[in-house]
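Enquirer: Feature list, courtesy of Swiss-Prot:
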- 1-401: region 'Carboxyphosphate synthetic domain' (REGION)
- Arg129, Arg169, Gly175, Gly176, Lys208, Ile210, Glu215, Gly241, Ile242, His243, Gln284, Glu298: ATP 1 binding site (BINDING)
- Gln284, Glu298: Mn(2+) 1 binding site (BINDING)
- Gln284, Glu298: Mg(2+) 1 binding site (BINDING)
- Glu298, Asn300: Mn(2+) 2 binding site (BINDING)
- Glu298, Asn300: Mg(2+) 2 binding site (BINDING)
- 402-546: region 'Oligomerization domain' (REGION)
- Arg707, Arg746, Leu748, Glu752, Gly777, Val778, His779, Ser780, Gln820, Glu832: ATP 2 binding site (BINDING)
- Gln820, Glu832: Mg(2+) 3 binding site (BINDING)
- Gln820, Glu832: Mn(2+) 3 binding site (BINDING)
- Glu832, Asn834: Mn(2+) 4 binding site (BINDING)
- Glu832, Asn834: Mg(2+) 4 binding site (BINDING)
- 930-1057: domain 'MGS-like' (DOMAIN)
Amino acid sequence: MPKRNDIKTILVIGSGPIIIGQAAEFDYAGTQACLALKEEGYRVILVNSNPATIMTDKEIADKVYIEPLTHNFIARIIRKEQPDALLPTLGGQTGLNMAIQLHESGVLQDNNVQLLGTELTSIQQAEDREMFRTLMNDLNVPVPESDIVNTVEQAFKFKEQVGYPLIVRPAFTMGGTGGGICHNDEELHEIVSNGLHYSPATQCLLEKSIAGFKEIEYEVMRDKNDNAIVVCNMENIDPVGIHTGDSIVVAPSQTLSDVEYQMLRDVSLKVIRALGIEGGCNVQLALDPHSFDYYIIEVNPRVSRSSALASKATGYPIAKLAAKIAVGLTLDEMLNPITGTSYAAFEPTLDYVISKIPRFPFDKFEKGERELGTQMKATGEVMAIGRTYEESLLKAIRSLEYGVHHLGLPNGESFDLDYIKERISHQDDERLFFIGEAIRRGTTLEEIHNMTQIDYFFLHKFQNIIDIEHQLKEHQGDLEYLKYAKDYGFSDKTIAHRFNMTEEEVYQLRMENDIKPVYKMVDTCAAEFESSTPYYYGTYETENESIVTDKEKILVLGSGPIRIGQGVEFDYATVHAVWAIQKAGYEAIIVNNNPETVSTDFSISDKLYFEPLTEEDVMNIINLEKPKGVVVQFGGQTAINLADKLAKHGVKILGTSLENLNRAEDRKEFEALLRKINVPQPQGKTATSPEEALANAAEIGYPVVVRPSYVLGGRAMEIVDNDKELENYMTQAVKASPEHPVLVDRYLTGKEIEVDAICDGETVIIPGIMEHIERAGVHSGDSIAVYPPQTLTEDELATLEDYTIKLAKGLNIIGLINIQFVIAHDGVYVLEVNPRSSRTVPFLSKITDIPMAQLAMRAIIGEKLTDMGYQEGVQPYAEGVFVKAPVFSFNKLKNVDITLGPEMKSTGEVMGKDTTLEKALFKGLTGSGVEVKDHGTVLMTVSDKDKEEVVKLAQCLNEVGYKILATSGTANKLAEYDIPAEVVGKIGGENDLLTRIQNGDVQIVINTMTKGKEVERDGFQIRRTTVENGIPCLTSLDTANALTNVIESMTFTMRQM
């Protein structure tokens, strides 16, 4: 079938900010789809609110709108651009829900916009739990015993019939938002009321739990001629009951017999044919391990996290082909881009094993509830490829960057067996490592199977890993056993531990005896057809398929899994760096391990190595490729932390030298530099013990900011007010970084400013200066950033420019540098300097049209900024006002305090741009999920130190017609200024404020931290209740002021004469 000629312009909706459940996989899918549609000659208009994506670059679509993904804003774009069609299945759940809203409100019909790809009725049939169940019954496909409820009462009726445990799945949400497993009445009440709140349709599916069944997924494609194929099938190691995004996954499935495989394949194809899916689709099934009984769990009628994994696992570009299917092309007429010779209708075959392990944020949220269930908690994931299951699992484990390199925890010996078994019986993110520990202690596989329901096949594989450890210990230094351990994915570090050697000695032993990995190609067809994909993985076999060219090469280190503090912004910079390397005529090689990202798409670089980002794995590639040098400044802290280790092997670090990278991090050297160039910083000291820290604080004076050196995202950083808090911190936090001391600094309050600059060794260009709305003390990644600065004087701007140039030149930066300043009452101070790409690079690149990562890369290669047409200093300002607003995923993480502070907590960001600050903020806040209403009720409960400041805020809100509720202390303060406020009771009292929040009486909560156990607990409960009821909770008065200004600009104030 030829492609459709009746449509010319297609609108693509992106997935918005990165949140738990919806991460970088949609940037990858959206980028592929836009390029595929342009390739076919269509005009593409993209709307997405996330500036940190490749997809929102001007080259990707013909027109790019970075606007909030809400009905009103998209409707405006549709009226303005008059597209012929809308493609909704590439923007995750956000894109799908938008398409449904635009259809239901009549916007699509009024503007003659057709939906492409899967029909809306099919989407609703797959997403609406009631319709889906009816269709499955018609097809005779078994679904778990279930009921649809719209109220909590209905849920209890269903419980009477089937009993516990029950699984709750809200309709039209993703990542299992609001869902969970209930074992008793209390949990049922809480989870169902929560689920109804998060479901746009106020609808939940309750189903009898089939926990313990195997969870199997099929990633399928279908076109309009009813050609349908399975791209990949995957098996969750964790049985049903843990969200697939939080499960360890293996592809292809390992424990299915051929009969089971074919049976589930047939069902998957039958279901997508019945639904009339056109494009990619993910089918999740549950299989009883003891019979041929199965159930269908759910169908995602769109490109998903699993399809990104399937694309990277097989090399088959699902999103690209799904976009082409949407405009009428069929599988049997499109070539598979990987082979270039076979058609897309051939099902991929794998001659290797893939392991995916989720990356959880519990290293940042130590108090977060770790138990896993049907609501997703992982922020990202890693994938590894091996020739044996053991090899791919161990490679994936060391890709996680948890400080874990093997099947066990670093301090595993110290736990007693009862504790280990207790941890195994709970489903949490560390269970895999505790299983390894239990096997080491001789626990039987039967006992572990009974506790976990994990298939014996996998338990035997874990046992094999432990057996090899014992063999290494018994045959220390034996080359045969070294080779054998390498075949099964053991790292040099692990072998060194068992051989009683250093890692370096094992590495040398391997080199002397030529025990090196070879690299195999990922070609979708198990070498059945000719293929020329430059996509490789390492393994210890004989034939090497990665042919080394004689071109000069530059190796770029990626940033690994998405986690808090290191998001998709670093992938953005990596991809741009690669483009610049290619334009300069070098061969660009990427090493990365994140299946969700654009950088791990085989078509981006000249060669892609899908390998762990560890010293050993990267050195193996360098030994083969012998690049001119390695670039570390675009891969976040992951890459920077490898610089030292690679340099020890004589590898050339391109760009800012290792010595200068270390000067920016080393306290004493950095202070010496600041004195020399005459740039002030807050008074500070270094401490290696609690006693020293207390002495430092006494000299500087409280409050002080404490943090370990060498961390990203403000990990383990705190503001402390007294000796007791400091002692507590020193005993907890010195863990955060044992080799490095703790920094104790004077805490300066004032405006925080962030600057990104590029330096080629001679010229420093500053694309822009950003002012933070939240004062210093809130992590820059959690602050709202504004460009251009709104409240700075000419003098302050000149000082910032001067200091930035001095710092970049003083550190001999070649490439990018990110600096944070604070403007205190007595001048500008430098807070920190990061000699690398930062979180704000994509944001500034989009605003100013200065391709920062590309310029930095060109400077690294040796080009001069003046030759590219740039002058030193701050570049001309772009027109308009732009804000970058953070987006949090607190509703997915229980027991995490949402108070903003020096430790980063946001998972993503949105951009708002307009002609005034208030309009830009309105877009930023709206895009980040804060509903800005021009009237309503605000609840205020603030600490004593903030009571004076909250008065002005209350006055403004009162004048625009907001009703104020306040706790007694805050209300008394407001009464002094004649501001009316209704007093609400403390927790547990009469007219208790939690009840008011739960009843929906409140639209905004303003709550600032008070220290002290009792009040901290109260404050924590207030903040959690607010988040769990989906109400904006502002913990910084600066954010509250910004919101108030926006509300004020939307309405008229009412004052008596």
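Cβ atoms are placed via backbone N, Cα and C, with glycine included.
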Enquirer: In this structure, which of the binding-site residues Ile242, Leu748 has the fewest other Cβ atoms within 10 Å of its Cβ?
Expert: Leu748
Enquirer: Could you break down the residues of the region 'Oligomerization domain' (402-546) into DSSP helix, strand and coil, giving a count for each?
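Expert: Breakdown, helix to coil: 75 helix, 11 strand, 59 coil.
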Enquirer: Please report the three-state DSSP label of Gly777 (ATP 2 binding site).
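Expert: DSSP assigns Gly777 (ATP 2 binding site) to coil.
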Enquirer: I need the least crowded one of these binding-site residues (Glu215, Glu298), counting other C-beta atoms within 10 angstroms of each C-beta.
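Expert: Checked Glu215, Glu298; of these binding-site residues, fewest Cβ neighbours within 10 Å: Glu298.
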Enquirer: Within 10 Å of its Cβ, which one of these binding-site residues (Arg129, Lys208) has the largest number of other Cβ atoms?
Expert: Arg129
Enquirer: I'd like to know which of the binding-site residues Lys208, Glu215, Asn300, Gly777, His779, Gln820 sit within 10 A of Asn834 (Mn(2+) 4 binding site) at the Cα level.
Expert: Gln820
Enquirer: Do you know offhand how many angstrom separate Lys208 (ATP 1 binding site) and Glu298 (Mn(2+) 1 binding site) by C-alpha?
Expert: 14
Enquirer: Look up Arg129 (ATP 1 binding site) in the DSSP assignment and report helix, strand or coil.
Expert: helix
Enquirer: Please work out the mean pLDDT for the residues of the region 'Carboxyphosphate synthetic domain' (1-401).
Expert: 93
Enquirer: Which number gives the other C-beta atoms within 10 angstroms of the C-beta of Arg707 (ATP 2 binding site), all protein chains shown included?
Expert: 23
Enquirer: Just to confirm: which same-chain residues, 6+ apart in sequence, have a Cβ under 8 Å from the Cβ of Gln820 (ATP 2 binding site)?
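Expert: Correct list: Glu752, Ile753, Glu754, Val755, Ser780, Val830, Leu831, Glu832, Val833.
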Enquirer: Any idea of the Cα spread of the ATP 2 site, Arg707, Arg746, Leu748, Glu752, Gly777, Val778, His779, Ser780, Gln820, Glu832, as a max distance in Å?
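Expert: This binding site's residues have a maximal Cα-Cα distance of 18 Å.
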Enquirer: If I take the Cα of His779 (ATP 2 binding site) as reference, which of the binding-site residues Arg129, Ile242, Gln284, Glu298, Asn300 has the closest Cα?
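Expert: That would be Ile242, the closest of Arg129, Ile242, Gln284, Glu298, Asn300 to His779 (ATP 2 binding site).
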Enquirer: Rounded to the nearest Å, what's the C-alpha distance separating Gln284 (ATP 1 binding site) and Glu298 (Mn(2+) 1 binding site)? Just drop the number here, would you?
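Expert: Rounded to a whole number, the Cα-Cα distance is 5 Å.
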Enquirer: Taking helix as H, G and I and strand as E and B in DSSP, count the residues of the domain 'MGS-like' (930-1057) in helix, strand and coil.
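Expert: Helix/strand/coil tally for the domain 'MGS-like' (930-1057): 61 helix, 21 strand, 46 coil.
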Enquirer: When you rank Arg129, Glu215, Ile242, Asn300 by Cα distance to Leu748 (ATP 2 binding site), which of the binding-site residues ends up on top as the closest?
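Expert: That would be Ile242, the closest of Arg129, Glu215, Ile242, Asn300 to Leu748 (ATP 2 binding site).
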Enquirer: Can you name the binding-site residues among Glu298, Asn300, Arg707, Gly777 whose CA is within 10 A of the CA of Arg129 (ATP 1 binding site)?
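Expert: Those close enough are Glu298.
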Enquirer: Can you tell me how far the Cα of Arg707 (ATP 2 binding site) sits from the Cα of Ile242 (ATP 1 binding site), in Å?
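Expert: Per the Cα atoms, Arg707 (ATP 2 binding site) and Ile242 (ATP 1 binding site) stand 35 Å apart.
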